[in-house]
């Protein structure tokens, strides 16, 4: 504890650099998410249009613009590197960690606990996984964490001026959240604070001062909302009904999953601190009367989790906003256990990390060496990746064992359990996954043919985004499949961006008169090239991605 108190800031900075900064540029971008957000921001910068999102010259109305602005600024500062693509997420995660530290200080006035809460937050597997991944969830998580801190300030305000200021901050946080991911940023804070205002009898304050937050959120988002409504009148109709109602409530929602979906996600996501999860949640409920700040945190964990569980559409990234209050609850629980020498939960946490590391190392050995005939992850030339994977998880298990020694005296070292895995994960991915889910590798190996082609087509939106990003051209055409671009392709000025299977032979004959044509197709596992495609002058096949290159005809 003394080390955390004396050198906490330095340790956090070192951990952040090792985990969130050093490895990210060397990891290839994943499709469809990372390639999509990389390309949208590249096109925004190229167009100089920060109001209407376009994706490969096609209107893209799935999200508002504030998250793209983060990514735009990152690419403007750092260029077109993988680091630049991911820096918006990393920066948002860093700001969320600062807010965790600040709220912990407001709650307990104890520097060691504040450092511990921040360390727990940054070492959560879910926070690391999403916080170094180019999606918009770290941005919305930042604004919801800011909303949580702002609402706590409303509870501690001592006069009406402080309450007005705190509710104004709450409105700004919700407004920015709304401009990042829509109405979700308004629903989650309302759901989270209801049990708190009921328990603390603050309903009158919410009714009197709550409109200030609403006004601030509206004033902040209104200029962009009016601007996009003027330029694209159908944006709000599509964004509200399709992206919200259908995704969250209707039977046809995307990513449908059962109501218990988030339970295993939560358990995996809070590693390497899973052993503290039951006790932290129980402590927040058991001591709700004597320590209302714990119930405050519990409400911000449980209520959003229930909301996302009830929704029809589910993705692991949705529960990222629950991690900040959960890290604070865990820090309070762990500190209480250590101070009162109740080490059972801390020892259980060490055992979990030990067993998890050993189990994962064994699984990699068994699968990597081909001992399970039906599961082929690594090829014969990838033994180095297998042993790196074993090393990464062995390090996890060994660190878990270290936390158990001397009556779990070194329990805080659990934060270091995933360190080797985090540093090595980019080098552990099987080549068959790289070739199908990380198209940069494929594109670079075929760059000569692709860059010289007058037309480039593909049947995968994620691969199309990767092609556009690497080739620095937004005129990639969709072939056969429309995917998430279906709505945008319906506009009359975008219909030429799609070539159907039936139209392809005729279109190709005409296109080859203008220059070379490259068609990139994504195949199912062990699938052969479609027989109906016209014979190509050159075919390059890499696992599940294939390039069919058609040379210009006279």
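Cβ atoms are placed via backbone N, Cα and C, with glycine included.
Annotated transmembrane segment per Swiss-Prot: 87-107 (among others), in sequence order.
Under the heading transmembrane segment, Swiss-Prot lists 115-135 (among others).
Positions annotated as transmembrane segment by Swiss-Prot, on the basis of sequence analysis: 178-198 (among others). Non-local neighbours of the transmembrane segment (178-198) in the same chain are 63-67, 136-137, 139-140, 143-144, 147-148, 151, 155, 170, 205-206, 217, 220-221, 224, 239-240, 243-244, 295-296, 299-300, 303-304, 307, 321; each lies 6+ residues outside the stretch with a CB under 8 Å from one of its CB atoms.
A Cβ distance under 8 Å defines the sequence-distant neighbours of the transmembrane segment (206-226), meaning residues of its chain 6+ beyond its ends; these are 51, 64-65, 154, 163-164, 167-168, 170-172, 174-176, 178-179, 186, 193, 197, 236. Per Swiss-Prot, the feature transmembrane segment maps to 206-226 (among others); the stated evidence is sequence analysis.
The feature transmembrane segment is assigned by Swiss-Prot to 262-282 (among others), with sequence analysis given as support.
Residues 107, 144, 148, 152, 155, 187-188, 191-196, 199, 247-251, 253-257, 259-262, 266, 281, 283-285, 287, 319, 321-322, 324-326, 328-329, 332 of the same chain lie 6+ residues outside the transmembrane segment (293-313) yet bring a C-beta within less than 8 angstroms of a C-beta in it. Under the heading transmembrane segment, Swiss-Prot lists 293-313 (among others), citing sequence analysis as support.
Per Swiss-Prot, the feature transmembrane segment maps to 315-335 (among others). Remote same-chain residues near the transmembrane segment (315-335) are listed as 96, 99-100, 103-104, 107-108, 110, 112-113, 116-118, 120-121, 124, 126-127, 130, 135, 137-138, 140-141, 144-145, 148, 188, 255, 262, 265-266, 269-270, 273, 276-277, 279-281, 283-284, 294, 297-298, 300-301, 304-305, 308, 345-346, 411 (criterion: CB distance under 8 Å, separation of at least six residues from the stretch ends).
The annotation transmembrane segment is assigned in Swiss-Prot to 351-371 (among others) on the grounds of sequence analysis.
According to Swiss-Prot, the transmembrane segment annotation covers 384-404 (among others), on the basis of sequence analysis. When Cβ-Cβ distances below 8 Å are used as the criterion, the transmembrane segment (384-404) is approached by residues 272, 346-347, 349-358, 360-361, 364-365, 368-369, 378, 410-414, 416-421, 423-425, 427-430 of the same chain, each at least six residues removed from its ends.
Residues annotated as transmembrane segment in Swiss-Prot: 414-434 (among others).
When each of 115-135, 262-282, 351-371 is scored by its Cβ pairs under 8 Å to the transmembrane segment (414-434), the top-ranked stretch turns out to be 115-135. Same-chain residues lying 6 or more positions outside the transmembrane segment (351-371) and placing a CB less than 8 Å from one of its CB atoms are 271-272, 274-275, 377-378, 382-383, 385-386, 389-390, 393-401, 403-404, 414, 417.
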